[in-house]
Amino acid sequence: MKALVKERPEAGLRLVDVPEPTPGPGEVLIRVLRTGICGTDLHIRKFDDWARHTLKLPLIVGHEFSGEVVEVAPGVDNIAVGDLVSGEGHIVCGTCRNCMAGRRHLCRNTVGLGVHRDGAFAEYVTLPASNVWVHRTPVDPDVAAIFDPFGNAVHTALSFPLVGEDVLITGAGPIGLMAAAVATHVGARNVVITDVSDERLDLAAKLGVTLALNVRRGTVAEGMRRLGMREGFDVGLEMSGSPQAMRDMIANMTHGGKIAMLGLPAEEFAIDWATVVTSMITIKGIYGREMFETWYNMSVLLEKGLDLSPVITDRFSYQDFDAAFDTAASGRTGKVILDWSGGARPERARTEPTKAGAAATMSTRGGARPERARTEPTQAGAAADTNRSA
Ligand SMILES: NC(=O)c1ccc[n+]([C@@H]2O[C@H](COP(=O)([O-])OP(=O)(O)OC[C@H]3O[C@@H](n4cnc5c(N)ncnc54)[C@H](O)[C@@H]3O)[C@@H](O)[C@H]2O)c1
Ligand SMILES: [Zn+2]
Ligand SMILES: [Zn+2]
C-alpha cells in the first residue's frame, strides 16, 4: 500500500510502498478515506528538535483520519466491516491509576498514533477497537477526518459553562475556528476571536462570531468597548500557544473568570500572576479529548446542526501531499484534507441525511463514500454507549 513515511532523520516525507498492516488481537483494520494535516505533522515533516527527540524511524505519520472498517479481530463485536469510523489517536495503557478509574484521557503512558506507532497517512491503518469511533449518523468523511482536532476544540470549549457568557478565543487556527463555532452553537453571548491573520479572521467571521479581531491593529480592550462589555470575559479559550495572547487574555478576564488553555507554547514564558491571583482566575490545561465523552459531544453537536464545513478550506489527493503540507504550513487556511480514496465511488452510498443537522455537514462534493455507513441505531446515545464500553 502507499504510505507517507518519515524514513530518514532529515526534513521531508516520502510517499512509498509499504506492506499492508495486519490487525493484532483486539484491533481493527481500516481503509483510510481522508486525513487531516495537523501542526504535529508539520513538525515531523520539518524534523525540528521535538521531532528529532521523539520519533523512532522509519515511521508512517498522521493521526487525523476517517475510514471504512475492512477487518475486525475475533472477539470485537461492536464494530462491523463497512462502518464509517474516526480514530482516537491517543492509545492508553489501561493499567495506570487514571485508566483503571476510567479517566483514560489522563493516562500517563499515552502512545500517539503517527508519532509513537505507525499512523494514518496510508491506504490502511490498524487501531485498537477501543480507540475506534463508529459514526452511526451520516457524517461527511471530510468532517469525520477532523474529529481529532474537533475534539480538541470541543474538549476545551466545553470545559466551562458557556451559556450566556462572554467568551474570548485567542488564535483562529483550525482549532480556534472550531471552538468559535461550538461556543456560538451552544449559546455563548459574545464570542470574540483574535489572530494576526486576516484570512483566518475572515473564516471566523463566516462562522458567525460576534467579533473577529486582528491584534496587530486593535486591542482586546478596544474590542470589548465596541461590544459594550464592561467587566471582562467570563471564559477564555487559549488556542494560539502565543505568550502575548495568553497575557492579553489574562488582562481582559472578569474576576472569577475561567481559562481553558489548549495552545502549546514553544517555551516557558512569564505571565502576570498577581492578576491571576487577585482576579481569582482559574487556568485549566487541556490535552487531547476525553475518551469518549468528547466524542459523544462531537457527534451530537453535528447531529444538532453544528456546521464545520467553512473550517475545511483545502483538499488535495494524497499524491500531492507536499503542496498540501505547504498550504497547511502557510498559517492562512483552515483545515487541509488529503483524499486517500482514489476517487473510487462505492456502490451503495448513503446520502440522504435523516436529520436537518446532519444535512449541514453533508458534502456536496462528489467524493467517495464508504460502502455501508452503519445507520441502524438512530440515537446518538446508543452509539456513545457502545463506544464507551469498547
Ligand atoms: N493540547 C492539545 O492537546 C493540543 C492538540 C492540538 C493542538 N494544540 C495546540 O493548540 C494550538 C491551536 O492549534 P491549531 O492547529 O489551530 O494551531 P495554528 O498554529 O494553526 O493556530 C494558531 C493561531 O494563533 C495565531 N496567533 C499567533 N499569535 C497570536 C496572538 N498574539 N494572538 C492571537 N492569535 C495569535 C496564529 O496566527 C495562528 O492562526 C496550537 O498551539 C497547537 O500546538 C494542542
Ligand atoms: Zn492533530
Ligand atoms: Zn494509563
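Numbering starts at 1 and runs along the chain as it is shown here.
Glycine is no exception: its Cβ is also placed from the backbone N, Cα and C atoms.
Cross-referencing Ile146, Ile175, Ile312 with the NAD(+) binding residues that TrEMBL gives (Asp195, Arg200, Leu262, Gly263, Leu264, Ile286, Tyr287) picks out Ile175. DSSP assigns Asp195 (NAD(+) binding site) to a strand.
Largest Cα to Cα distance within the recorded NAD(+) binders Ile175, Asp195, Arg200, Leu262, Gly263, Leu264, Ile286, Tyr287: about 23 Å as a whole number.
Under the DSSP three-state reduction, Glu64 (Zn(2+) 1 binding site) is assigned to strand. Listed in sequence order, the residues of the same chain lying 6 or more apart from Thr40 (active site, charge relay system) and placing their CB within less than 8 Å of its CB are His63, Gly114, Val115. The recorded positions near ligand 1, defined by a Cβ under 6 Å from one of its atoms, are Ile175, Asp195, Gly263, Leu264, chosen from Thr40, Cys96, Ile175, Asp195, Gly263, Leu264. Under 8 Å, Cβ to Cβ, and six or more positions away along its own chain, Tyr287 (NAD(+) binding site) finds His105.
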